[in-house]
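Have a look at the structure below, then the notes.
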Amino acid sequence: MNSAIMQGAAMATSHGIARLNRHNAQRNHFHIPTANRLFYQLQTPCTSTEEERRTVQTDDVAEIGMQRPDYQMYCGEEEISEQFVKLNVGGQRFMLRKDTIRRRGVGRLLDLINKPVADSNADAFFSSTSEFYFERPPSLFHIVYQFYLNGVIHQPSNLCPVDIIEELEYWRIIPDQYLASCCCAQQIDDDDEEVEEQDKPNLFKTLRFGEIRRCVWNIIEEPASSGKAQAFAVCSVVFVLISISGLVLGSLPELQVATKQRNNLTGEEFTEMEPMPILGYIEYVCIVWFTMEYGLKMLVSAERSKTFRQLLNIIDLLAILPFIIEMLLLIFGISTEQLRDLKGAFLVIRILRVLRVIRVLKLGRYSSGLQMFGKTLKASFRQLGMMAMVVMTGVIFFSTLVYFLEKDEPASKFHSIPAACWWCIVTMTTVGYGDLTPVTVPGKLVATGAIACGVLVLALPITIIVDNFMKVAETERPAGGNRYRTSQYPKATKSEQMILKVT
(Lines of atoms letter the chains of each structure in order from A; the text may use other names.)
(Lines give C-alpha, C1' and ligand atoms only; values in the text may rest on other atoms or scores of the structure.)
Protein backbone atom coordinates (compact mmCIF):
# COMPACT_ATOMS: atom_id res chain seq x y z
CA MET A 1 0.00 0.00 0.00
CA ASN A 2 2.72 2.44 1.00
CA SER A 3 4.74 1.59 -2.11
CA ALA A 4 1.74 2.32 -4.32
CA ILE A 5 1.26 5.69 -2.62
CA MET A 6 4.95 6.55 -3.08
CA GLN A 7 4.84 5.47 -6.73
CA GLY A 8 1.77 7.61 -7.38
CA ALA A 9 3.40 10.60 -5.69
CA ALA A 10 6.52 10.15 -7.79
CA MET A 11 4.44 9.98 -10.97
CA ALA A 12 2.53 13.07 -9.97
CA THR A 13 5.76 14.85 -9.22
CA SER A 14 7.28 13.88 -12.59
CA HIS A 15 4.14 15.04 -14.41
CA GLY A 16 4.29 18.30 -12.53
CA ILE A 17 7.93 18.84 -13.37
CA ALA A 18 7.24 18.13 -17.04
CA ARG A 19 4.36 20.61 -17.08
CA LEU A 20 6.54 23.19 -15.34
CA ASN A 21 9.32 22.71 -17.90
CA ARG A 22 6.87 23.16 -20.77
CA HIS A 23 5.52 26.29 -19.14
CA ASN A 24 9.01 27.73 -18.67
CA ALA A 25 9.90 26.91 -22.27
CA GLN A 26 6.92 28.95 -23.43
CA ARG A 27 7.94 31.89 -21.26
CA ASN A 28 11.69 31.80 -21.88
CA HIS A 29 12.83 31.50 -25.51
CA PHE A 30 16.33 30.42 -24.45
CA HIS A 31 15.00 26.89 -23.93
CA ILE A 32 13.64 26.72 -27.45
CA PRO A 33 15.87 25.08 -30.05
CA THR A 34 17.78 27.49 -32.26
CA ALA A 35 16.02 26.36 -35.42
CA ASN A 36 12.60 27.30 -33.96
CA ARG A 37 13.69 30.43 -32.09
CA LEU A 38 12.91 32.77 -34.99
CA PHE A 39 9.34 31.53 -35.23
CA TYR A 40 8.88 31.85 -31.50
CA GLN A 41 10.13 35.44 -31.56
CA LEU A 42 7.70 36.30 -34.33
CA GLN A 43 4.94 34.61 -32.31
CA THR A 44 5.51 37.10 -29.46
CA PRO A 45 2.22 38.96 -29.10
CA CYS A 46 2.04 42.70 -29.69
CA THR A 47 2.78 44.57 -26.48
CA SER A 48 0.66 47.41 -25.28
CA THR A 49 3.25 50.03 -24.33
CA GLU A 50 6.43 51.43 -25.87
CA GLU A 51 8.39 50.31 -22.79
CA GLU A 52 7.33 46.70 -23.29
CA ARG A 53 8.02 46.84 -27.02
CA ARG A 54 11.64 47.80 -26.34
CA THR A 55 12.11 44.70 -24.21
CA VAL A 56 10.94 42.29 -26.91
CA GLN A 57 13.96 40.21 -27.92
CA THR A 58 14.35 39.69 -31.65
CA ASP A 59 17.17 38.58 -33.85
CA ASP A 60 18.79 40.13 -36.93
CA VAL A 61 15.87 39.48 -39.23
CA ALA A 62 13.47 41.53 -37.12
CA GLU A 63 14.23 45.04 -35.87
CA ILE A 64 14.27 45.65 -32.13
CA GLY A 65 11.32 47.63 -30.85
CA MET A 66 9.33 47.15 -34.04
CA GLN A 67 5.64 46.47 -33.44
CA ARG A 68 4.49 43.10 -34.75
CA PRO A 69 1.03 41.88 -35.60
CA ASP A 70 -0.44 39.13 -33.48
CA TYR A 71 0.70 35.64 -34.44
CA GLN A 72 -0.54 32.25 -33.49
CA MET A 73 1.63 30.02 -31.34
CA TYR A 74 2.72 28.06 -34.43
CA CYS A 75 2.92 29.59 -37.92
CA GLY A 76 1.33 27.49 -40.61
CA GLU A 77 2.45 27.23 -44.22
CA GLU A 78 -0.01 29.90 -45.27
CA GLU A 79 1.25 32.40 -42.70
CA ILE A 80 4.87 31.68 -43.65
CA SER A 81 4.13 32.26 -47.34
CA GLU A 82 2.48 35.58 -46.55
CA GLN A 83 5.24 36.91 -44.30
CA PHE A 84 8.38 35.27 -45.73
CA VAL A 85 10.00 34.62 -49.08
CA LYS A 86 11.91 31.37 -49.53
CA LEU A 87 14.99 31.39 -51.73
CA ASN A 88 17.06 28.55 -53.11
CA VAL A 89 20.37 29.91 -54.35
CA GLY A 90 22.55 27.27 -55.94
CA GLY A 91 21.00 24.56 -53.76
CA GLN A 92 21.37 26.47 -50.48
CA ARG A 93 18.19 27.70 -48.85
CA PHE A 94 17.61 31.20 -47.51
CA MET A 95 14.55 32.85 -46.02
CA LEU A 96 13.80 36.54 -45.52
CA ARG A 97 10.84 38.49 -44.23
CA LYS A 98 9.14 40.49 -46.93
CA ASP A 99 9.07 43.50 -44.63
CA THR A 100 12.88 43.36 -44.45
CA ILE A 101 13.14 43.43 -48.25
CA ARG A 102 10.65 46.30 -48.51
CA ARG A 103 12.57 48.23 -45.87
CA ARG A 104 15.69 48.20 -48.10
CA GLY A 105 13.60 49.17 -51.10
CA VAL A 106 16.07 48.04 -53.76
CA GLY A 107 17.15 44.96 -55.62
CA ARG A 108 15.82 42.06 -57.58
CA LEU A 109 14.17 40.59 -54.47
CA LEU A 110 11.92 43.65 -54.18
CA ASP A 111 10.58 42.96 -57.67
CA LEU A 112 10.27 39.30 -56.73
CA ILE A 113 7.85 39.89 -53.85
CA ASN A 114 5.86 42.57 -55.67
CA LYS A 115 5.11 40.45 -58.73
CA PRO A 116 3.05 37.27 -59.08
CA VAL A 117 4.85 33.96 -59.12
CA ALA A 118 4.21 33.53 -62.83
CA ASP A 119 5.94 36.85 -63.57
CA SER A 120 8.83 36.37 -61.13
CA ASN A 121 12.39 36.95 -62.29
CA ALA A 122 13.66 33.74 -60.70
CA ASP A 123 15.16 30.90 -62.71
CA ALA A 124 12.57 28.46 -61.38
CA PHE A 125 9.83 28.10 -58.76
CA PHE A 126 9.38 24.96 -56.65
CA SER A 127 5.69 24.77 -55.88
CA SER A 128 6.11 21.90 -53.41
CA THR A 129 8.29 24.01 -51.10
CA SER A 130 7.29 27.50 -52.35
CA GLU A 131 10.93 28.29 -53.12
CA PHE A 132 12.30 30.63 -55.76
CA TYR A 133 15.36 29.10 -57.36
CA PHE A 134 18.30 31.19 -58.57
CA GLU A 135 21.21 29.51 -60.33
CA ARG A 136 23.84 31.65 -58.62
CA PRO A 137 26.81 30.89 -56.31
CA PRO A 138 25.55 30.78 -52.70
CA SER A 139 28.86 32.03 -51.31
CA LEU A 140 28.36 35.34 -53.11
CA PHE A 141 24.69 35.56 -52.16
CA HIS A 142 25.70 35.75 -48.50
CA ILE A 143 26.85 39.31 -49.23
CA VAL A 144 23.41 40.16 -50.64
CA TYR A 145 21.67 38.44 -47.74
CA GLN A 146 23.73 40.38 -45.22
CA PHE A 147 22.92 43.60 -47.07
CA TYR A 148 19.19 43.05 -46.63
CA LEU A 149 19.70 42.34 -42.94
CA ASN A 150 22.15 45.10 -42.04
CA GLY A 151 21.83 47.61 -44.85
CA VAL A 152 25.55 47.62 -45.71
CA ILE A 153 27.78 45.68 -48.09
CA HIS A 154 30.82 43.87 -46.70
CA GLN A 155 33.45 42.08 -48.73
CA PRO A 156 34.98 38.83 -47.48
CA SER A 157 38.70 38.64 -48.13
CA ASN A 158 38.41 35.19 -49.74
CA LEU A 159 36.17 36.31 -52.62
CA CYS A 160 37.12 37.82 -55.94
CA PRO A 161 36.21 41.52 -56.10
CA VAL A 162 35.15 41.29 -59.74
CA ASP A 163 32.76 38.44 -58.88
CA ILE A 164 31.28 40.59 -56.11
CA ILE A 165 30.68 43.46 -58.54
CA GLU A 166 28.98 41.13 -61.01
CA GLU A 167 26.86 39.54 -58.29
CA LEU A 168 25.68 42.93 -57.01
CA GLU A 169 24.83 43.94 -60.57
CA TYR A 170 22.76 40.77 -60.98
CA TRP A 171 20.78 41.48 -57.81
CA ARG A 172 20.39 45.12 -58.95
CA ILE A 173 22.22 46.58 -55.97
CA ILE A 174 24.51 49.55 -56.55
CA PRO A 175 27.24 49.72 -53.88
CA ASP A 176 27.65 53.51 -54.00
CA GLN A 177 25.57 54.19 -50.91
CA TYR A 178 25.88 50.85 -49.14
CA LEU A 179 29.59 49.96 -49.10
CA ALA A 180 30.72 49.55 -45.49
CA SER A 181 33.38 51.99 -44.37
CA CYS A 182 35.42 49.20 -42.77
CA CYS A 183 35.93 47.60 -46.18
CA CYS A 184 37.30 50.70 -47.87
CA ALA A 185 38.93 52.81 -45.12
CA GLN A 186 42.21 50.88 -45.34
CA GLN A 187 42.41 51.49 -49.08
CA ILE A 188 41.89 55.26 -49.12
CA ASP A 189 45.61 55.94 -49.52
CA ASP A 190 45.95 53.31 -52.21
CA ASP A 191 42.91 54.68 -54.02
CA ASP A 192 44.32 58.20 -53.89
CA GLU A 193 47.58 56.91 -55.35
CA GLU A 194 45.68 55.12 -58.10
CA VAL A 195 43.69 58.27 -58.88
CA GLU A 196 46.92 60.22 -59.07
CA GLU A 197 48.38 57.61 -61.42
CA GLN A 198 45.30 57.90 -63.62
CA ASP A 199 45.47 61.71 -63.58
CA LYS A 200 49.14 61.93 -64.59
CA PRO A 201 48.42 61.76 -68.35
CA ASN A 202 45.98 64.64 -67.89
CA LEU A 203 48.66 66.66 -66.08
CA PHE A 204 51.08 66.25 -68.97
CA LYS A 205 48.44 67.30 -71.51
CA THR A 206 48.33 70.80 -70.06
CA LEU A 207 52.13 71.25 -70.18
CA ARG A 208 54.39 72.40 -72.95
CA PHE A 209 55.76 69.45 -74.92
CA GLY A 210 53.46 67.37 -72.73
CA GLU A 211 53.40 64.27 -74.91
CA ILE A 212 57.20 64.12 -75.16
CA ARG A 213 57.58 64.71 -71.42
CA ARG A 214 55.06 61.97 -70.67
CA CYS A 215 56.91 59.47 -72.86
CA VAL A 216 60.26 60.29 -71.24
CA TRP A 217 58.68 60.12 -67.77
CA ASN A 218 57.25 56.68 -68.46
CA ILE A 219 60.64 55.46 -69.66
CA ILE A 220 62.32 56.64 -66.45
CA GLU A 221 59.63 55.91 -63.85
CA GLU A 222 57.55 53.08 -65.33
CA PRO A 223 59.85 50.14 -66.17
CA ALA A 224 56.94 47.93 -67.20
CA SER A 225 55.37 50.46 -69.57
CA SER A 226 57.43 49.59 -72.67
CA GLY A 227 60.51 47.85 -73.97
CA LYS A 228 62.47 51.12 -73.91
CA ALA A 229 61.57 51.59 -70.26
CA GLN A 230 62.75 48.07 -69.44
CA ALA A 231 66.05 48.69 -71.24
CA PHE A 232 66.51 51.95 -69.33
CA ALA A 233 65.82 50.17 -66.03
CA VAL A 234 68.37 47.47 -66.86
CA CYS A 235 70.99 50.12 -67.65
CA SER A 236 70.29 51.90 -64.34
CA VAL A 237 70.68 48.68 -62.38
CA VAL A 238 73.94 47.87 -64.21
CA PHE A 239 75.39 51.30 -63.44
CA VAL A 240 74.40 50.98 -59.77
CA LEU A 241 76.10 47.59 -59.52
CA ILE A 242 79.23 48.88 -61.29
CA SER A 243 79.40 51.89 -58.98
CA ILE A 244 79.05 49.79 -55.82
CA SER A 245 81.58 47.26 -57.12
CA GLY A 246 84.07 50.05 -57.82
CA LEU A 247 83.60 51.44 -54.31
CA VAL A 248 84.21 48.00 -52.77
CA LEU A 249 87.17 47.07 -54.97
CA GLY A 250 88.78 50.46 -54.39
CA SER A 251 89.31 49.55 -50.74
CA LEU A 252 91.54 46.57 -51.59
CA PRO A 253 95.27 47.28 -51.09
CA GLU A 254 96.04 45.42 -54.33
CA LEU A 255 93.97 47.95 -56.29
CA GLN A 256 95.39 51.03 -54.61
CA VAL A 257 98.36 53.23 -55.54
CA ALA A 258 100.51 55.52 -53.41
CA THR A 259 99.95 59.22 -53.97
CA LYS A 260 102.15 61.24 -51.58
CA GLN A 261 103.68 61.30 -48.14
CA ARG A 262 101.68 62.97 -45.41
CA ASN A 263 101.99 63.58 -41.68
CA ASN A 264 99.42 62.43 -39.16
CA LEU A 265 98.42 64.25 -35.96
CA THR A 266 101.48 62.94 -34.08
CA GLY A 267 103.87 64.13 -36.80
CA GLU A 268 104.63 60.68 -38.18
CA GLU A 269 104.83 60.29 -41.93
CA PHE A 270 102.62 57.87 -43.79
CA THR A 271 101.94 57.08 -47.41
CA GLU A 272 98.47 58.05 -48.58
CA MET A 273 96.80 55.41 -50.74
CA GLU A 274 94.14 56.05 -53.36
CA PRO A 275 92.19 53.68 -55.65
CA MET A 276 93.63 53.03 -59.08
CA PRO A 277 92.82 55.69 -61.72
CA ILE A 278 90.73 53.23 -63.74
CA LEU A 279 88.31 52.92 -60.83
CA GLY A 280 88.07 56.71 -60.67
CA TYR A 281 87.19 56.89 -64.37
CA ILE A 282 84.51 54.25 -63.91
CA GLU A 283 83.15 56.27 -61.00
CA TYR A 284 82.92 59.41 -63.16
CA VAL A 285 81.04 57.52 -65.89
CA CYS A 286 78.53 56.23 -63.34
CA ILE A 287 78.15 59.70 -61.85
CA VAL A 288 77.40 61.15 -65.29
CA TRP A 289 74.67 58.54 -65.81
CA PHE A 290 73.11 59.15 -62.38
CA THR A 291 73.22 62.92 -62.86
CA MET A 292 71.66 62.64 -66.31
CA GLU A 293 68.94 60.37 -64.95
CA TYR A 294 68.08 62.67 -62.05
CA GLY A 295 68.24 65.86 -64.12
CA LEU A 296 66.11 64.41 -66.90
CA LYS A 297 63.55 63.21 -64.38
CA MET A 298 63.25 66.66 -62.80
CA LEU A 299 63.13 68.28 -66.23
CA VAL A 300 60.16 66.29 -67.57
CA SER A 301 58.26 65.96 -64.27
CA ALA A 302 54.75 67.41 -64.22
CA GLU A 303 55.04 68.26 -60.50
CA ARG A 304 58.66 69.02 -59.72
CA SER A 305 58.18 69.94 -56.07
CA LYS A 306 56.35 66.69 -55.35
CA THR A 307 58.88 64.67 -57.32
CA PHE A 308 61.73 66.31 -55.41
CA ARG A 309 60.21 65.28 -52.04
CA GLN A 310 59.76 61.61 -52.89
CA LEU A 311 61.98 59.24 -50.92
CA LEU A 312 63.54 57.45 -53.89
CA ASN A 313 64.36 60.75 -55.55
CA ILE A 314 65.98 62.01 -52.35
CA ILE A 315 68.16 58.88 -52.44
CA ASP A 316 69.07 59.65 -56.05
CA LEU A 317 70.09 63.17 -55.05
CA LEU A 318 72.23 61.96 -52.15
CA ALA A 319 73.95 59.50 -54.48
CA ILE A 320 75.22 62.32 -56.71
CA LEU A 321 75.62 64.97 -53.99
CA PRO A 322 79.40 64.38 -53.44
CA PHE A 323 80.05 64.82 -57.15
CA ILE A 324 77.92 68.00 -57.28
CA ILE A 325 79.78 69.53 -54.31
CA GLU A 326 83.14 68.62 -55.81
CA MET A 327 82.18 70.25 -59.10
CA LEU A 328 80.99 73.39 -57.31
CA LEU A 329 84.30 73.62 -55.43
CA LEU A 330 86.22 73.33 -58.68
CA ILE A 331 84.10 76.08 -60.21
CA PHE A 332 85.11 78.38 -57.35
CA GLY A 333 88.76 77.38 -57.72
CA ILE A 334 88.93 75.11 -54.67
CA SER A 335 90.18 71.55 -55.01
CA THR A 336 89.76 68.75 -52.54
CA GLU A 337 93.55 68.60 -52.15
CA GLN A 338 93.51 72.08 -50.65
CA LEU A 339 90.89 71.03 -48.12
CA ARG A 340 92.94 68.15 -46.77
CA ASP A 341 94.86 70.45 -44.45
CA LEU A 342 91.59 71.71 -42.94
CA LYS A 343 90.45 69.12 -40.45
CA GLY A 344 86.73 69.93 -40.50
CA ALA A 345 86.50 70.39 -44.26
CA PHE A 346 88.38 67.17 -44.93
CA LEU A 347 85.99 65.32 -42.61
CA VAL A 348 83.03 66.67 -44.58
CA ILE A 349 84.61 65.51 -47.82
CA ARG A 350 85.08 62.01 -46.41
CA ILE A 351 81.49 61.90 -45.20
CA LEU A 352 80.28 62.91 -48.65
CA ARG A 353 82.38 60.14 -50.18
CA VAL A 354 80.83 57.65 -47.81
CA LEU A 355 77.42 58.72 -49.12
CA ARG A 356 78.24 56.86 -52.32
CA VAL A 357 77.15 53.68 -50.58
CA ILE A 358 73.60 55.06 -50.61
CA ARG A 359 73.48 54.18 -54.29
CA VAL A 360 72.71 50.62 -53.35
CA LEU A 361 69.30 51.89 -52.20
CA LYS A 362 68.60 52.93 -55.79
CA LEU A 363 67.94 49.26 -56.45
CA GLY A 364 64.75 49.64 -54.43
CA ARG A 365 63.20 51.45 -57.38
CA TYR A 366 63.37 48.25 -59.42
CA SER A 367 62.96 45.66 -56.64
CA SER A 368 59.47 44.86 -55.40
CA GLY A 369 61.00 42.97 -52.47
CA LEU A 370 62.84 46.04 -51.18
CA GLN A 371 59.70 48.12 -51.64
CA MET A 372 57.68 45.61 -49.62
CA PHE A 373 60.34 45.68 -46.91
CA GLY A 374 60.17 49.48 -46.78
CA LYS A 375 56.38 49.43 -46.54
CA THR A 376 56.60 46.83 -43.78
CA LEU A 377 58.93 49.07 -41.77
CA LYS A 378 56.59 51.99 -42.35
CA ALA A 379 53.58 49.96 -41.18
CA SER A 380 55.56 48.76 -38.14
CA PHE A 381 56.86 52.21 -37.20
CA ARG A 382 54.84 52.33 -33.99
CA GLN A 383 55.98 48.88 -32.87
CA LEU A 384 59.60 49.67 -33.71
CA GLY A 385 59.36 52.92 -31.75
CA MET A 386 57.89 51.06 -28.79
CA MET A 387 60.69 48.48 -28.95
CA ALA A 388 63.34 51.21 -29.14
CA MET A 389 61.87 52.97 -26.11
CA VAL A 390 61.77 49.78 -24.05
CA VAL A 391 65.32 48.82 -25.10
CA MET A 392 66.60 52.29 -24.23
CA THR A 393 64.96 52.09 -20.81
CA GLY A 394 66.49 48.66 -20.18
CA VAL A 395 69.92 49.80 -21.37
CA ILE A 396 69.98 52.77 -19.01
CA PHE A 397 68.68 50.70 -16.10
CA PHE A 398 71.02 47.70 -16.43
CA SER A 399 74.08 49.73 -17.45
CA THR A 400 73.73 51.94 -14.38
CA LEU A 401 73.40 48.90 -12.12
CA VAL A 402 76.37 47.07 -13.58
CA TYR A 403 78.53 50.21 -13.48
CA PHE A 404 78.10 50.77 -9.76
CA LEU A 405 78.53 47.04 -9.07
CA GLU A 406 81.70 46.67 -11.17
CA LYS A 407 83.52 50.01 -11.09
CA ASP A 408 85.47 49.30 -7.88
CA GLU A 409 86.84 45.96 -9.07
CA PRO A 410 90.54 46.02 -10.08
CA ALA A 411 90.02 44.02 -13.29
CA SER A 412 86.80 45.79 -14.25
CA LYS A 413 86.52 47.53 -17.61
CA PHE A 414 83.33 49.39 -16.71
CA HIS A 415 84.96 52.80 -16.32
CA SER A 416 81.82 54.82 -17.12
CA ILE A 417 78.09 54.46 -17.67
CA PRO A 418 78.42 55.02 -21.46
CA ALA A 419 80.89 52.12 -21.59
CA ALA A 420 78.39 50.05 -19.61
CA CYS A 421 75.66 51.11 -22.08
CA TRP A 422 77.71 49.62 -24.93
CA TRP A 423 78.00 46.37 -22.97
CA CYS A 424 74.28 46.39 -22.21
CA ILE A 425 73.26 46.93 -25.85
CA VAL A 426 75.50 44.07 -26.97
CA THR A 427 74.11 41.88 -24.19
CA MET A 428 70.40 42.67 -24.66
CA THR A 429 70.65 42.02 -28.39
CA THR A 430 72.29 38.64 -27.57
CA VAL A 431 75.36 39.52 -29.67
CA GLY A 432 77.93 39.18 -26.90
CA TYR A 433 81.28 40.44 -28.22
CA GLY A 434 83.01 39.60 -24.94
CA ASP A 435 85.10 42.78 -24.80
CA LEU A 436 83.34 43.80 -21.55
CA THR A 437 82.27 41.20 -19.01
CA PRO A 438 81.20 41.53 -15.38
CA VAL A 439 83.44 39.84 -12.82
CA THR A 440 81.38 40.11 -9.63
CA VAL A 441 78.48 37.84 -8.71
CA PRO A 442 75.96 40.73 -8.48
CA GLY A 443 77.20 41.99 -11.86
CA LYS A 444 76.67 38.57 -13.42
CA LEU A 445 73.13 38.44 -11.98
CA VAL A 446 72.41 41.83 -13.55
CA ALA A 447 73.80 40.51 -16.84
CA THR A 448 71.45 37.53 -16.61
CA GLY A 449 68.49 39.87 -16.15
CA ALA A 450 69.63 41.99 -19.10
CA ILE A 451 69.84 38.92 -21.34
CA ALA A 452 66.37 37.71 -20.33
CA CYS A 453 64.81 41.15 -20.82
CA GLY A 454 66.56 41.54 -24.16
CA VAL A 455 65.17 38.26 -25.47
CA LEU A 456 61.63 39.20 -24.41
CA VAL A 457 61.77 42.77 -25.70
CA LEU A 458 63.20 41.83 -29.09
CA ALA A 459 60.99 38.76 -29.59
CA LEU A 460 57.60 40.39 -28.98
CA PRO A 461 57.60 42.90 -31.89
CA ILE A 462 58.84 40.25 -34.33
CA THR A 463 55.40 38.66 -34.62
CA ILE A 464 53.81 42.06 -35.25
CA ILE A 465 56.36 42.91 -37.92
CA VAL A 466 55.84 39.53 -39.61
CA ASP A 467 52.08 40.09 -39.53
CA ASN A 468 52.52 43.51 -41.14
CA PHE A 469 54.76 41.96 -43.77
CA MET A 470 52.09 39.38 -44.60
CA LYS A 471 49.49 42.14 -44.90
CA VAL A 472 51.73 44.17 -47.19
CA ALA A 473 52.49 41.08 -49.27
CA GLU A 474 48.78 40.29 -49.50
CA THR A 475 47.93 43.80 -50.69
CA GLU A 476 50.83 43.89 -53.13
CA ARG A 477 50.09 40.48 -54.63
CA PRO A 478 46.90 41.35 -56.52
CA ALA A 479 47.93 44.93 -57.28
CA GLY A 480 48.65 44.27 -60.92
CA GLY A 481 45.52 42.18 -61.33
CA ASN A 482 43.34 44.84 -59.78
CA ARG A 483 44.79 47.48 -62.08
CA TYR A 484 43.96 45.28 -65.04
CA ARG A 485 40.47 44.53 -63.78
CA THR A 486 39.69 48.18 -63.14
CA SER A 487 40.61 48.99 -66.71
CA GLN A 488 37.92 46.57 -67.85
CA TYR A 489 35.34 48.58 -65.90
CA PRO A 490 35.97 52.12 -67.21
CA LYS A 491 32.62 53.36 -65.91
CA ALA A 492 33.03 51.84 -62.48
CA THR A 493 31.98 54.07 -59.63
CA LYS A 494 34.24 55.08 -56.76
CA SER A 495 32.75 52.42 -54.48
CA GLU A 496 33.20 49.73 -57.11
CA GLN A 497 36.83 50.75 -57.57
CA MET A 498 37.28 50.46 -53.81
CA ILE A 499 35.84 46.94 -53.88
CA LEU A 500 38.21 46.07 -56.71
CA LYS A 501 41.17 47.05 -54.51
CA VAL A 502 40.16 45.67 -51.13
CA THR A 503 41.47 42.10 -51.27
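From the backbone N, Cα and C atoms, a Cβ is placed for every residue, glycine too.
Among the features that Swiss-Prot reports, N-linked glycosylation site is placed at Asn264. Under the heading intramembrane segment, Swiss-Prot lists 418-429, 430-434. What Swiss-Prot records for 368-383 is region 'S4-S5 linker'. For 430-435, the entry in Swiss-Prot reads motif 'Selectivity filter'. The motif 'Required for dendritic localization' annotation in Swiss-Prot covers 496-500. Annotation comment: Swiss-Prot describes 1-231, 297-313, 367-383, 467-503 as topological domain 'Cytoplasmic', evidence class a curator's inference. Swiss-Prot lists 253-275, 335-346, 405-417, 435-445 with the feature topological domain 'Extracellular', giving a curator's inference as the kind of evidence. The feature transmembrane segment is assigned by Swiss-Prot to 232-252, 276-296, 314-334, 347-366, 384-404, 446-466.
Of the ranges 276-296, 384-404, 446-466, the one with the most Cβ pairs under 8 Å to the transmembrane segment (314-334) is 276-296.
Taking Cβ pairs closer than 8 Å, the transmembrane segment (446-466) reaches residues 376, 380, 383-384, 386-387, 390-391, 394, 398, 401-402, 405, 424, 427-430, 437-438 in its own chain, all 6 or more past its ends. Taken together, the residues of the topological domain 'Cytoplasmic' (297-313) have an average pLDDT of 87. Sequence-distant neighbours of the transmembrane segment (384-404) (same chain, 6+ residues past either end, Cβ-Cβ under 8 Å): 377, 414, 416-417, 419-421, 423-425, 427-428, 438, 443, 446-447, 449-450, 453-454, 457-458, 460-461, 465.
Within its own chain, the motif 'Selectivity filter' (430-435) is flanked in space by residues 413, 423, 451, 454-455, 458, which lie at least six positions past its ends and keep a Cβ under 8 Å from the stretch. A Cβ distance under 8 Å defines the sequence-distant neighbours of the topological domain 'Extracellular' (405-417), meaning residues of its chain 6+ beyond its ends; these are 399, 423, 435-440, 442-443, 446. In the topological domain 'Extracellular' (435-445), the DSSP tally of helix, strand and coil residues is 5 helix, 0 strand, 6 coil. Residues 200, 203-204, 207, 212-214, 216-217, 220-221, 362, 364-365 of the same chain sit 6 or more residues outside the topological domain 'Cytoplasmic' (297-313) yet have a Cβ under 8 Å from a Cβ within it.
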